[in-house]
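Just below is one structure, and these are the notes that go with it.
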Amino acid sequence: MNSSKSPGLAGFGVLKNTTCHTEKKISVFFSIIFMTVGILSNSLAIVILMKAYQRFRQKSKASFLLLASGLVVTDLFGHLINGAIAVFVYASDKDWIRFNQSNILCSVFGICMVFFGLCPLFLGSVMAVERCIGVTKPIFHSTKMTSRHVKMMLTMVCLFAVLIALLPILRFRAYQIQASRTWCFYKTEHVEDWEDRFYLLLFSCLGFLALAISFLCNAVTGITLLRVKFKSQQRQGRSHHFEMIIQLLAIMCVSCICWSPFLVTMARIGVTQGGSKDTCETILFALRMATWNQILDPWVYILLRKAVLRNLYKITSGCCGVHVMNLHMWELSSIKNSLKVAAISESPGSSKQINLQPLTSLGQ
C-alpha cells in the first residue's frame with residue numbers, strides 16, 4: 001500500500017510502505033483458528049458454569065461462580081468481536097483506506113483490544129484475591145463476600161477497563177493501524193510524544209500489576225493450604241490438596257507465560273520510543289501469545305476440576321499399569337475438613353461446629 005493520505009486516516013496515522021510483511025494465508029489461518037478455539041472453549045466453560053450454578057446455589061460458592069462467569073464471558077466476547085473484525089480486515093485485503101475512511105472501525109478495534117486485554121487480567125487478579133480471602137479468612141469470606149459485593153466488583157472492573165480503553169478517545173488521540181495492517185492499538189512506531197508513550201506504559205504497568213497481585217495472592221493461598229495440610233494430617237490423618245495446588249500453579253504459569261511477552265514489548269516500545277527494527281514481528285508473536293491466555297482461561301479455571309483430574313488419574317494409572325497411590329488416598333474433597341480445622345484454630349473457645357465452604361467451589 002502506498003503512503004497516500006486521506007482525511008479519514010489523518011487521525012490515526014498514515015499507512016506506510018514500511019509495513020510488516022506477513023503471509024496472508026498463514027495470518028488468516030491463525031486468526032480463524034484462535035477465534036474458533038476460543039469461542040468453543042469459553043462456550044463450553046459457560047455451559048459447565050451454568051450446570052454448576054444449578055447444582056450448587058450456596059452463598060459460599062456464588063462468588064466464585066460469578067467471577068468465573070465474568071471471566072469466560074469476557075473472553076468469549078473478546079474472541080468473537082476481535083476475531084470477527086480481524087477476519088473482516090483480512091477478507092478486505094487489509095485495505096483500510098477503502099473501508100475505514102471515517103476511522104470508526106479502527107477506533108472500535110483499538111478499544112476492544114485494550115478492554116478485552118486488560119479486563120481478563122483484572123478479573124484474574126480479583127479471583128486470586130477472592131481465593132486468598134477464602135483460604136486465610138474463611139469466616140469473613142462466608143459472611144461478607146456476598147453476591148451483591150461480587151457483582152459490584154465485576155462492574156467496577158469492567159468500568160475501569162472501559163475507562164482505560166476510552167482514554168485516548170477522550171483525549172482526542174485516536175488509535176493507530178499497526179504495521180501489519182491487521183489490527184489497531186496504541187501508536188507503536190516512531191513513538192515520540194509523551195502521551196503515546198504514557199498509554200503504552202500505562203497498559204503494561206496495569207497488566208504487570210494485575211499479574212503481580214495474582215502471583216502474590218496465589219502464593220499466599222498455596223502456602224496457607226500447605227500449612228493447613230500439615231496441621232490437618234496431625235489431627236485428622238490424610239489430607240491432599242492436589243487439585244488446588246494444580247489450579248494455582250496453572251493459573252500463575254499460564255498468565256505469566258502468555259502475557260509477559262506482550263507487556264514487556266509494549267513497555268520496551270514506550271521506553272525506547274519504538275526504535276527497534278524487529279518491532280512488528282515481535283508484537284505479532286507477543287499478541288498471539290496473549291491470545292492463547294484467553295483460550296486457556298476456561299480450561300484452567302473451569303475444566304481443571306476434581307472429576308477431570310480423577311478421570312485423568314484413572315486413565316494414566318490404567319495405561320502405565322502401575323498404581324502410584326491408591327485412589328482412596330487422593331481425597332481432593334478433604335480441603336473442606338482442613339479449612340474447618342483452620343477456622344476452629346483461628347477462633348479458640350468456639351465449641352460449635354462451623355460449616356465452612358468458601359473454597360469448595362474451586363474444586364467443583
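Using N, Cα and C of the backbone, Cβ positions are placed for all residues, glycine too.
The domain 'G-protein coupled receptors family 1 profile' annotation in TrEMBL covers 41-301.
Residues annotated as transmembrane segment in TrEMBL: 26-50 (among others).
Same-chain residues lying 6 or more positions outside the transmembrane segment (62-90) and placing a CB less than 8 Å from one of its CB atoms are 24, 27-28, 31-32, 34-35, 38-39, 42-43, 45-46, 49, 52-53, 56, 96, 105, 108-109, 112-113, 116-117, 119-120, 123-124, 126-127, 130-131, 141, 145-147, 149-151, 153-154, 157-158, 181-183, 294-295, 297-298, 301-302, 361-362. As annotated by TrEMBL, transmembrane segment applies to 62-90 (among others).
For 102-129 (among others), the entry in TrEMBL reads transmembrane segment. Counting same-chain residues at least six beyond the ends of the transmembrane segment (102-129), those with a Cβ under 8 angstroms from any Cβ of the stretch are 8-9, 11-12, 64, 67-68, 70-71, 74-75, 77-78, 81-82, 85, 96, 153-154, 157-158, 160-162, 164-166, 168-169, 174-177, 183-186, 203, 206-207, 209-211, 213-214, 216-218, 221, 251, 255, 259, 262, 290, 293-294, 297, 301.
Under 8 Å from some Cβ of the transmembrane segment (150-170) lie the Cβ atoms of residues 62-63, 66-67, 70, 74, 107, 110-112, 114-115, 118-119, 122-123, 126, 130, 186, 199, 202-203, 206, all in the same chain and six or more residues away from its ends. Feature annotation from TrEMBL assigns transmembrane segment to 150-170 (among others).
Taken from TrEMBL, the feature transmembrane segment applies to 198-226 (among others).
Tertiary proximity for the transmembrane segment (246-271) is limited to same-chain residues at least six positions away from its ends with a CB under 8 Å from its CB atoms, namely 117, 121, 124, 128, 186, 188, 191, 197-201, 203-205, 207-208, 211, 214-215, 218, 221-222, 279, 282-283, 285-287, 289-290, 292-293, 296-297, 300-301, 304, 309, 362. As annotated by TrEMBL, transmembrane segment applies to 246-271 (among others).
Mean pLDDT for the domain 'G-protein coupled receptors family 1 profile' (41-301) in the predicted structure: 83.
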